[in-house]
């Protein structure tokens, strides 16, 4: 008896043919995707969207700069609002190494909440270090509209993608808290810095009370520039108010009696003093020197801005500062721009010793 045959209708043939094509397309496209991934190729992400990968993905530094500027300004709004209300809820977190009160206010806390959650919502896969404690129960969802401001697009025309796991963000929600409590408003800043593999690559310093914002990206662009000239022989040196006398003694020995010392609050303010800043409240200096322990969120943004403009910020021994690991540095710091930085380091051999 002859075997029974299987007969398909024309519709069934068409269905099987289409299913076969679908399977082949799926296998072939998966093969191509794997090859493209192997060689680092693939389609470009849509404008304003960072590419996502299984290992945490990448982030666009241009987008991070846009969010950092927004975060610094939003935090600054809180800082200004609290100060103008004159209800600071001031308290001490403990003592600094020099024995002074390490103060905190509502301005610090509310600014920190705005800045941290804006950055964390926009870039959930990056590490964020901030000066103030983040209370998970007090979470605030702030959504970025994914628009990059025109001034940033003008300076940085193309996206700059880096692995998210290589990024560390440093936030200072209120720099110069001591001066803030004394109502010395010109010294107060909010700051955001992005470091890649420990190197500072973009920085934002915002002055809430004059509403001025400086930003810069290394190998990218900036909205601030260096001044046309600096006095290297008898420089004006800006230092912390708490140890101005200590630095003055050594500076006079090093540079002579014509050297002047500018006592000031806030690391952000001191870095801006080295630049061409269109703010009438901003003092001008040629060098920034710090001789005691300092936290990285105080200096990372300024370091990135100086580096982007061709300047330098190192320890007093001339060592580059890494923005990974611990949250502070022991070796003091020297910041300069358009000067022979290493020659200055050699002139200041005793400052670190005198600061401890």
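Keep in mind that glycine also has a Cβ here, set from the backbone N, Cα and C atoms.
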Among 131, 140, 150, 211 - the residue Swiss-Prot places in the same Mg(2+) 1 site as 172, 174: 131
Same-site residue for Mg(2+) 2 (record: Swiss-Prot; known: 172, 175; options: 298, 327): 298
Additional residues around Mg(2+) 1, ordered along the sequence, whose Cβ is within 8 Å of the centroid of 131, 172, 174: 108, 111, 112, 130, 132, 171, 173, 175, 177, 190, 191, 297, 298
8 Å Cβ shell about 240, 243, 266, 270 centroid, AMP site members excluded: 238, 239, 241, 242, 263, 264, 265, 267, 290
Neighbours of 172, 175, 298 excl. site residues, C-beta within 8 Å of centre, Mg(2+) 2: 131, 174, 176, 189, 191, 266, 267, 268, 295, 297, 299, 301
Within the predicted model, mean pLDDT of the topological domain 'Cytoplasmic' (1-12): 51
Cβ neighbour count within 10 Å of residue 131 (Mg(2+) 1 binding site): 22
Residue with minimal Cβ packing [other Cβ atoms within 10 Å] among the recorded positions 240, 257: 257
List of residues, in chain order, with Cβ under 8 A from that of residue 298 (Mg(2+) 2 binding site) and at least 6 apart: 172, 175, 191, 267, 268
